[in-house]
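Colleague: TrEMBL feature annotations, pasted as is:
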TRANSMEM  B:12-34  transmembrane segment
DOMAIN    B:62-280  domain 'ABC transmembrane type-1'
TRANSMEM  B:66-87  transmembrane segment
TRANSMEM  B:99-123  transmembrane segment
TRANSMEM  B:129-148  transmembrane segment
TRANSMEM  B:178-198  transmembrane segment
TRANSMEM  B:260-280  transmembrane segment
């Protein structure tokens, strides 16, 4: 059946005949401060190569979106950055963070994940109070006074734009929060550890449009202090909030560039097909 | 046949089957309770059994049942918890864990009388523990361990993986996540499983006949030194439990009121097991509220 209103977009007119097959934006180390970068990253699930040719540099204090169809390897890539794939996959290659390759055996992954935090698709607050959700990971490692903890709870909830809604019920169970609130609590929980980099795996895809917009606003606020890398299926979201965008396809980075360039003048025909909705 | 008619017939059939199950349970319970409850009295619950004359009670047996239950739980719970945590949180799918799982399944399908005879040969005879509470408690542990492990493992498996991911994304080790995130969230369901298995252990007879013994020597309830032979706490004394007592007086009881004692003891046993079952849910809910501060 053909939809009469459907307007088929051919690979756009402005893509030249000799369009490259891949295009990776190279950061000029003098102009851009690199927060984290990957080199020759390969991820195997068993014998199955899920990601190859993952070479990307991420600029500090910017939001980078990873887009692509399901199974394109973008989530796999993201989860490899703080070694969340350790148990399920084999990750080869280098992940450089502050001059150290963190993809090696002698790295303390628990300590590393305090620098590179992660938020998942579905809100996953602990079955604890709102207050304990935020302080729990802190108190497991260090000694804090009640005043310090109070302050951290307040700051991180404010950063996640949740403080005004929950300040009077910090001892209530986090399980009673709505989906959007729970997701912002989870972001606050990650922020409480004062990470350098925040990885988000489709953080608003399980939320309604209003909650989703709130999470987006939160991320834009956070950009001043954090490097954010976000996987999203929502192209409008990527266009709205991110500075850079990487397009993944079949386990490869096809195009990586400034977001405005990707969404207005992609250099690779495949990218254009994807963002104009011709597949995926 | 129309889909709607077929659906109605199937629904009616399923309702009927569930009704029959409920009816059988209800009939059995009311039969035991109607026969037994009239014989219950404070005297019956507290006085020792009498072998030849009427008017004996089940006080010692009742105490033995609880004491054995507690000892068996104290031994089996930590082992089952450890095994369940290993199987659910740490074990990778490989040859070794497959063997462990199969072993647990075989152990759980072992008839309890076989467990009892094994306990008799090994603990009572070989280890010279005699017919004793200790032998009985170890036999009950063998009987209880696989079921309890499975039940705790199921409780842990019910906690979504999102919680584990949340823990590791915050830089918590797997052990910290298990201890502070997974276990507290699973406690209500673990407690429910423990109390339910306690009900099963409380009613167990076959595993105890040859291990804890069939005699209930009089106890001195003023003497709580576990090293004295007449002390209720002495783990080396023979201890007939309530379930074993019911089996024994029904097969060889010669007291004149044997039917009354049997009916009364059965009613006590059923009431305690029912209490376990009803309290399990309540306790679980209460703990959940407390631990999650909801």
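Backbone N, Cα and C atoms are what each Cβ position is placed from, and that goes for glycine too.
Have a look at these and tell me how they're positioned relative to everything else.
Modeller: Cβ atoms under 8 Å from those of the transmembrane segment (B:66-87) belong to residues 97, 100-101, 104, 133-134, 136-138, 140-141, 144-145, 148-150, 152-153, 155-156, 178, 190, 194, 198, 201-202, 208, 212, 232-233, 235, 239, 241 of the same chain, restricted to positions at least 6 beyond its ends.
Here the transmembrane segment (B:99-123) has Cβ contacts under 8 Å with residues 83, 87, 91, 129, 134-136, 138-139, 142-143, 145-147, 149-150, 204, 206-211 of the same chain, all six or more residues outside its ends.
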Colleague: Find the member of B:129-148, B:178-198, B:260-280 that has more C-beta pairs under 8 Å to the transmembrane segment (B:12-34) than any other listed stretch.
Modeller: B:260-280
Colleague: Report, as numbers and ranges, which residues of the same chain sit near the transmembrane segment (B:129-148): CB under 8 Å and 6 or more residues beyond its ends.
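Modeller: Contacts of the transmembrane segment (B:129-148) (Cβ under 8 Å, skipping residues fewer than 6 from its ends): 64, 67-69, 71-73, 75-77, 79-80, 83, 104-105, 107-108, 110, 112, 115-116, 118-120, 123, 193-194, 197, 200-201, 204, 207-208, 210-215, 234-239, 241.
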